[in-house]
Every structure is written in structure tokens, then in C-alpha cells.
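Asker: Provided herewith is a single structure, encoded as C-alpha cells, for subsequent inquiry.
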Amino acid sequence: MEKEGRIRDPEGLNIETSSIIKDDQIKLKEDPASAHTIGNDSWQQVSLLMVTTFNSGWIMSFPNVMLVPLGWAWGIIVLVLIGFMSAYGNWLLAGFHFIQGERFIRYRDIMGFLFGKKMYYVTWLIQFSLFFLGNMGFILLGGRALKEINLVFSDTTMRLQYFIIITALVYLMFSFAVPNLSALRVWLGASTILTFGYVVLVFVTVVNDGKSKRHIDYEVKGSTMDKVFNALGAVSAIVLSNNSGMIPEIQSTLRKPAIKNMKKVLCAQFTLALMVYYGVTIVGYWAYGSEVPDYLPKAITGPKWAKVLINSAVFLTNVISQHMFLQPVHEALDTKFLKVEEGTYSRENIKRRFVLRSFLFTVNTVVAAALPFMGYFINVLGSFTLVSLTFIFPSIIFIKVKGKSARTVQKAWHWTIIFVFTLIAAATTISAFRSVVISVKNYHFFSNQ
């Protein structure tokens, strides 16, 4: 276990004329430094991780936040376009795992190496804001699932905040017991069974509900201004559904050849995983139309046992998903504060890791309990942060690394991506904050919604 590596000053490097070569042909200048395991996992293991984590309980909100604001025609068009561009952006970024003999295991390290310390800290701020907000959303979603289970057995239930606390405690204990992504190996089989089991059950129950309805309203409601802002929020949610904002961090766990293996992982994500969460999105909207709630199981009218199983699986699969999406934060804290000379499971490092993760989850839990507006977290996540990390930054990196060696058409294509998605980032961010302002007016702190 090593301390976090320093950020190199790119001055004097002839980056503009460098090119990306196969990682199995590269002689590294030095090993990357991290408290977590690097280069240990097979592409099959990481593919399973991506497929299951991208089909977590978040997909239960997708029909409401994606298709209700867009309707059928625009909804399908935007799903396809964002899915394609997300696959392209992630594929492009995966190719920059090695630059000039350096291996980059963190997104912020790439940006710092190429553009200096200011961009290192900008990327750090964007990424960690994303991960903190995402984890609050996972905590809230787990609490919502537990509350729905309780409502099946009782007409009266505890406040949502109690279920949020229970969820956070489970997440904390899991993160403490499973210190890094590689240690998830033994949990992925159970996670895969749970994921596909509850998705199949959701499909069956939702389709039965849809067949029983004589009339379903698909009209996009609201004033013209509301429709525009809601549509931008839907774009944010679709960006979120396809992206993690942590491709270099995930790629760091892969065995050699890391670039080739990461592209295999991305193929699995943007075929199998995408078909599942897009499928739930489309079926949910088809069955309930514009009346689909922000948490799909609330609309299911099937047997009680089906609701219990779905919500139980949502809760359990979220344990794995939140652990993956919060892993860069754990890695940063562990690399900074754990003892370098001792092993991961030494007594001192176990104590330090428990303190660090307890503090992290305490902060996340308090905020999630105070602001339980799950749908709006999705819009914030998919706006400025993920648009920048997925679309804008990879094209900036391409232009910097390829420089004069790139064809004019290639440079024009990437400048177009930068320009278009900068506008989209600005528009979706404004829309996201508008939604938050409206929700603050309609709800009070620690609302039991």
C-alpha cells in the first residue's frame, strides 16, 4: 500500500505529438500509488459489477424522470442519442488510461497531468460532489424501499428518516467489511441473481398492470416553460442512467491489457445493462403513462409478496451499487489516512477505516434525511457534473493529447462535442437547480414523504 502519487507538472512535455498505444506495449515510468488493489480483476468480474450496479434501485425512478417529461417520441430519441454518445465518451476516455508511459488510475490525475493542478482540483470537486450526492440518493432510495416493505404489513409506519438511518448503517457496515472494489468478487454472484430476479418480477407485475388498464394518459403536462425545464431534467436523468463519472477508477482494477479489457466491460454495460434499465423505463411508462410515480413499486397493484420481494431486492442490490459509486471517495481517504507500512487489515488501519467511513456516512445520512427529494437528486447528478465528466472532458483530453497529429475532421468533431455539451450542461444545471428550489418550497426539512 502506497501513498497517493504526486501530480506532475505537464510543462515541457510534448503532449501534442503523443499518441495512445496498447498498454501491454508500455513500459511504465513508475507504478501508480493507491491504498486499494490495482490491476487485479478480470474483465468478466468488472462487467458483472457494471451490469448489476447500473441496474440498482435507481431504475425504479427512471420511467417518471425520463419519459414522463418527454413523451414517447422525444423520449425514445433522446434515450438512443444519449446512450450512443455516452458509450462513445466512455470508450474514448478508456483509451487514455496510459499517456506517455504513465498509468492513470484516477480521473483527476489525468486532468492534473495534462492541464495542471487547477484542473486537478476542479475535477476532484466535480467528481466528489457527484459521488456524495449519489450516495445520498442511494441512502434515500434504500430507506424508501424499507418503508414500502413496512407498509405492506402495516397501515401505519415509522417516519422515512428512521428507515434512512437503518439503510445508512447497513451501507456503513458493508463498506467497512469490503474495503475495495476487488473485494466485491464474492458478492457479485448473489448481486447478479438478485438484480435479474427482481427485474424480471418488475417486468411481469408491471406488464400485468398495463394490460388491465383501459385508458392510459401519455400527455406531457404543464406550461410551455415547465415542459422545457422538465425535458432538460429528463436529459440529466438519462445521462445519469448511462454513466458513472469514474471510468479511470474502475479501469484501474483491471488486469492487463487494461484498455482492451475496459472496452470489453463497456460493451457489456452498453448492451446488456442498458437493455435492462431502458427496458424497465419503457415498460413502466407504457403501463402507467404520465401517472407513473417517482418510485415504480408504489404503482404496482400485484400481490403483496411481489412488492415485498421487489423492495427487498432493491434494498440489497443498492448495497453493492452504492459501494461502487462511493469507492473513489473511500480510495482517496484510505490512501491519505491509512498507514502505508501496514496491511489493509491491520488493527490500526481497521480502526482508521471505520472512523473515516463512519464520518462520511454520518454526513451523507443527515443531509439525505433532511432533504428526501429523490427525483431531484437525479437531475442534479446528471447535469453539470456528469455531462462534463462524460462528454466535455474526454474531448478536451483528446485534443490535448493528439494535438497536431489529429485530422481536421477529428478536431472539429471534438470541438463540436465540447461546444454542444457545454450548452447542455449549462441548461440542465439551471433546470436542476430550479427543481430543487421548487421542491424546497413544497416540502419542509425532514419531510416524511
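We number each residue from 1, going along the chain as drawn.
Using the three backbone atoms N, Cα and C, a Cβ is placed for every residue, glycine included.
Any TrEMBL annotation is an automated prediction that lacks curation.
Copied straight from TrEMBL:
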DOMAIN    40-431  domain 'Amino acid transporter transmembrane'
TRANSMEM  46-66  transmembrane segment
TRANSMEM  72-99  transmembrane segment
TRANSMEM  120-140  transmembrane segment
TRANSMEM  160-179  transmembrane segment
TRANSMEM  186-208  transmembrane segment
TRANSMEM  228-245  transmembrane segment
TRANSMEM  266-288  transmembrane segment
TRANSMEM  308-326  transmembrane segment
TRANSMEM  354-374  transmembrane segment
TRANSMEM  380-401  transmembrane segment
TRANSMEM  413-433  transmembrane segment
Asker: The transmembrane segment (228-245): which same-chain residues, six or more beyond its ends, come within Cβ distance under 8 Å?
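Answerer: Distal contacts: 54, 58-59, 61-62, 65-70, 74-75, 78-79, 82-83, 86-87, 89-90, 107, 126-127, 130-131, 220, 222, 270, 274, 277-278, 281, 324-325, 378-383, 385-387, 389-390, 424, 427-428, 430-432, 434-435.
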Asker: For the transmembrane segment (380-401), could you work out the same-chain residues 6 or more beyond its ends whose Cβ comes under 8 Å from its Cβ atoms?
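Answerer: The answer is 15-16, 18-20, 85-86, 89-90, 92-93, 96, 99, 107, 110-111, 114-115, 123, 126-127, 129-130, 133-134, 137, 235-243, 245, 410-411, 414-415, 417-418, 421-422, 424-426, 428-429, 431-433, 436.
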Asker: Before we move on, state whether the transmembrane segment (266-288) and the transmembrane segment (120-140) share at least 3 Cβ pairs under 8 Å, counting only pairs 6 or more apart in sequence.
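Answerer: Between the transmembrane segment (120-140) and the transmembrane segment (266-288), which are separate recorded stretches, there is no contact, as judged by 3 or more close Cβ pairs.
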Asker: With a Cβ cut-off under 8 Å, give me the same-chain residues at least six positions beyond the ends of the transmembrane segment (160-179) that come close to it.
Answerer: 36, 135, 138-140, 142-144, 146-147, 150, 187, 315, 318-319, 322-323, 326, 330, 334, 344, 353-354, 357-358, 361-362, 364-365, 368-369, 372, 446-449
Asker: Out of 186-208, 354-374, 413-433, which stretch touches the transmembrane segment (120-140) the most, going by CB pairs under 8 Å?
Answerer: 354-374
